[in-house]
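Shown next, in structure tokens, is the structure this report addresses.
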Amino acid sequence: MQNKDGPQADGELEAATSNPTPDFDDWAKFGDDDIMQQQTAIRAEEAEKAPFVGDKEPLSSLAAEYQSGSPILLEKIKVLGEKYAAIRRTRGDGNCFFRSFMFSYLEHILESQDRAEVDRAKSNVEQCRKTLQSLGYADFTFEDFFALFLEQLESVLQGNGTSISQEELLLRSRDQSISDYVVMFFRFVTSGEIRKRSEFFEPFIMGLTNATVEQFCKSSVEPMGEESDHVHITALSDALGVPIRVVYLDRSSCDSAGVSVNHHDFIPAVGGLPNASGSTETVSPFITLLYRPGHYDILYSK
Amino acid sequence: MQASRARLFKEYKEVQREKTADPDIQLACDDSNIFKWTALIKGPSETPYEGGVFQLAFAVPEQYPLQPPQVRFLTKIFHPNVHFKTGEICLDILKNAWSPAWTLQSVCRAIIALMAHPEPDSPLNCDSGNLLRSGDIRGFQSMAKMYTRLAAMPKKG
């Protein structure tokens, strides 16, 4: 049985030894707020170790990480090296999937200057806005996040007054006031999609947790720092109409000779694609993420 | 800072517009500081808090709405999830389950729901939690009712 007497009693003891006239109220305030403060401090410490979005590194840096580790992983990284050239790491703060998606998507637009894709994405974003409204979300709770994402989307297209460079994109992705807002935008979009198609997502969610769709969205999608699973990825990919490839790097192996690296392509449901040309030709995702249990980074093809 | 101010201003307008929508909640912003709010909430019916009016204090951080507001009871209340001395509230949406989809208004609604459905297994007020956990509903209710009378009801005559 746990209650809060234990830690409080300890706190009193400490206060009494360090302060000859302990003020009861001082340590009585010790509680969740302090824990939150400590959490913030830990996050700040993590932040110094790794930016939200790192620099592009050659794949060899991944191998270096496992130098004295599992031979299966080293073997798999070698296989990865046949297809992929580089990795870009993201901070492991529970937002890594959304953050990786954000950078990868915006970088793709910046490099391809694919205006048609931007227009298509924008119309999907408008659809997401309507979804949230019809689910009863007050506009003011999400509109700032939508506006900030659309602003980023517009700015990676060259030729308008607000165009930005690759360096600027990286700076913005590392700037908490922009980066976290875009992550939150994706969380709103993901939550809206899951709730809109709750009968589709329900069995997957039941398999993951034990929660209802509503509870799942409230506790595992909308709060910042909650990690993503295939449910989130499916929903985001469907909602925005953007295919995503996830390459899995784990220790699983089949006993037959030679290792292979599994991947899974999340291809948006056609029903969710207003502009789908009706074709079922193989869509090849331009976003590739590397999944290691508990974390997503960005992968670059050769 | 700018973003939080803009968001709070929107919430302020919404509160003004919907003033009569929820008669159980009166939310007001400090005249000179949009980061400080207070609320008066009615104790839910069929609970020991019925008939009481409870005052809450909101301190909104600069990172709002990415970070939750800090909320405390200013009115003394006997409830397992409210610290008896400080008024601190143990509620997941004010901690790690917070998201910007919540508003100051919906936080008030969540607190009213918490008053009606205490969670004795994560107590900030152990005396209150222990009464409930040991099944002494009557003891809990009479204590809670007494404090509602003492602290949350206007003094008669």
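Glycine is treated like the rest: Cβ placed from N, Cα and C.
Residues or ranges marked as active site by TrEMBL: A:ASP93 (among others). A:ASP93 (active site) carries neither a helix nor a strand DSSP state and counts as coil. Neighbours of A:ASP93 (active site), defined as other CB atoms within 10 A of its CB across all chains, total 17.
Cβ neighbour count for A:CYS96 (active site, nucleophile) (all protein chains, 10 Å cutoff from its Cβ): 24. Annotated active site, nucleophile per TrEMBL: A:CYS96, in sequence order.
For A:HIS295 (active site), the same-chain residues that are 6 or more apart in sequence and have a Cβ closer than 8 Å to its Cβ are A:GLY92, A:CYS96. Annotated active site per TrEMBL: A:HIS295 (among others), in sequence order.
Here TrEMBL flags A:85-302 as domain 'OTU'.
According to TrEMBL, the region 'Disordered' annotation covers A:1-30.
Cβ-based neighbour count (10 Å, all protein chains) for A:TYR248 (site 'Interacts with free ubiquitin') stands at 15. TrEMBL lists A:TYR248 (among others) with the feature site 'Interacts with free ubiquitin'.
Summarising the annotation, TrEMBL assigns site 'Interacts with free ubiquitin' to A:ASP250 (among others). A:ASP250 (site 'Interacts with free ubiquitin') falls outside any helix or strand according to DSSP and counts as coil. A:ASP250 (site 'Interacts with free ubiquitin') is surrounded by 14 other CB atoms, counting those within 10 A of its CB over all protein chains shown.
Per TrEMBL, site 'Interacts with free ubiquitin' is recorded for A:TYR291 (among others). Cβ neighbour count for A:TYR291 (site 'Interacts with free ubiquitin'): 23 (other Cβ atoms within 10 Å of its Cβ, all protein chains included). Secondary structure from DSSP puts A:TYR291 (site 'Interacts with free ubiquitin') in a beta strand.
According to TrEMBL, the site 'Interacts with free ubiquitin' annotation covers A:TYR296 (among others). Packing around A:TYR296 (site 'Interacts with free ubiquitin') is summarised by its Cβ count: 24 other Cβ atoms lie within 10 angstroms of its Cβ, all protein chains included.
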Q) In angstrom units, rounded to an integer, how far apart are the Cα atoms of A:TYR248 (site 'Interacts with free ubiquitin') and A:TYR291 (site 'Interacts with free ubiquitin')? A) 5
Q.
Between the Cα atoms of A:ASP93 (active site) and A:TYR296 (site 'Interacts with free ubiquitin'), what distance do you get, rounded to the nearest Å?
A. 11
Q. Rounded to a whole number, how many Å is the Cα of A:TYR296 (site 'Interacts with free ubiquitin') away from the Cα of A:ASP250 (site 'Interacts with free ubiquitin')?
A. 12
Q: Express the distance between the Cα positions of A:TYR291 (site 'Interacts with free ubiquitin') and A:ASP250 (site 'Interacts with free ubiquitin') as a whole number of Å.
A: 8
